[in-house]
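**Student:** Before we start, here is the structure in question, set down as structure tokens.
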């Protein structure tokens, strides 16, 4: 399944929109803010013969407000702080917001008025850059900072988990799970390695000398790709989908043949791909854990399901139909509420963050 036209966050600002339900991603951005600040400020102590007059910043898979606006604010404030420390003139800042064509860029750009009001004395500009980050997006040596939060773990296509005869090997599931065949994990891991390598390979010529890239991925802590905290969401939705199959609302074949184009890598997997691809040196790498169990905003099943729905619904509705989405997520909420009572829900959100520096003296074909 080609996903370039169907992977995007829920549009607009309605009840089930990404705008209203992106709280977890904002927590991830806040938790990783020091790493982003350090990467931004390192741009001002490289081999540049003169202070930068323009800083070009790309946000890959930006989605829509409030996530990219928060990242944008961190970049601006980091540059203001560093220029104040060095006593140098503030450069102009050009933000390039990248996502697939299906992204709701209109809602994103409407939110820029908040940033404009907040940073009246900073000269910044914004533009959209639609396209896939699995290919080239920008001119050579043009970007000083590339940033991406919770995007590059999405795959360019769904992993093919079938037998030699073409029969599905992950029946009743939409992601890896404890009951999945070993082929499911191998196919998904191989797809991630291929796609992540392409992200690195195509960014390398686009980054200026001494350019930095900050990537934040939804990942996992252990070597086990089926650990509970990363598979819980997809197991929950698979159980709800199985219920819809039993009710005759969707075809069983549609469920058995479907796998989400998503992969939660470990820190070791991310570092291994970076080293193998060879375009970047790793300046910083870490696994960041957010507790989402207990008494917090996600302890309400309804709010948690909205958080899941805002990013998973577009790809699910393409496979199973928009007409069953309300029933699907209502059932998922019902299952989640029961899991809460039994203490079976996921309690952690895992992020992998890496800060990369472009290697010098490279040639590209």
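Note that Cβ sites are derived from N, Cα and C of the backbone, with glycine treated the same way.
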**Student:** Can you match one of 170, 218 to the Mg(2+) site that Swiss-Prot gives for 256, 258, 259?
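**Tutor:** Candidate listed by Swiss-Prot for the same site: 170.
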**Student:** Of 280, 284, 311, which does Swiss-Prot put in the theobromine site with 25, 150, 153, 154?
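**Tutor:** Within the candidate list, Swiss-Prot flags 311.
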**Student:** According to Swiss-Prot, 62, 67, 99, 100, 132, 133 bind S-adenosyl-L-homocysteine; which of 18, 175, 232 is also listed for that site?
**Tutor:** 18
**Student:** Cα-Cα, whole number of Å: residue 25 (theobromine binding site) versus residue 262 (site 'Involved in substrate discrimination')?
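**Tutor:** Just about 16 Å between their Cα atoms.
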**Student:** Can you list the residues of the same chain, besides 170, 256, 258, 259, whose Cβ falls within 8 Å of the Mg(2+) site's Cβ centroid?
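**Tutor:** So the extra residues in range turn out to be 161, 168, 171, 173, 174, 255, 257.
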**Student:** Quick one: give me the count of other CB atoms within 10 A of the CB of residue 99 (S-adenosyl-L-homocysteine binding site).
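**Tutor:** Result for residue 99 (S-adenosyl-L-homocysteine binding site): 26 other Cβ atoms within 10 Å.
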**Student:** From the binding-site residues 62, 132, 170, 258, pick the residue whose C-alpha lies nearest to the C-alpha of residue 218 (site 'Involved in substrate discrimination').
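**Tutor:** Checked the binding-site residues 62, 132, 170, 258; minimum Cα distance to residue 218 (site 'Involved in substrate discrimination') goes to 62.
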**Student:** How far is it from residue 62 (S-adenosyl-L-homocysteine binding site) to residue 153 (theobromine binding site), counting Cα to Cα, in Å?
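**Tutor:** For residue 62 (S-adenosyl-L-homocysteine binding site) versus residue 153 (theobromine binding site), the Cα atoms are 13 Å apart.
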**Student:** For 62, 100, listed as binding-site residues, tell me which one has the smallest number of other Cβ atoms within 10 Å.
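**Tutor:** Comparing Cβ neighbours within 10 Å for the binding-site residues 62, 100, 100 has the fewest.
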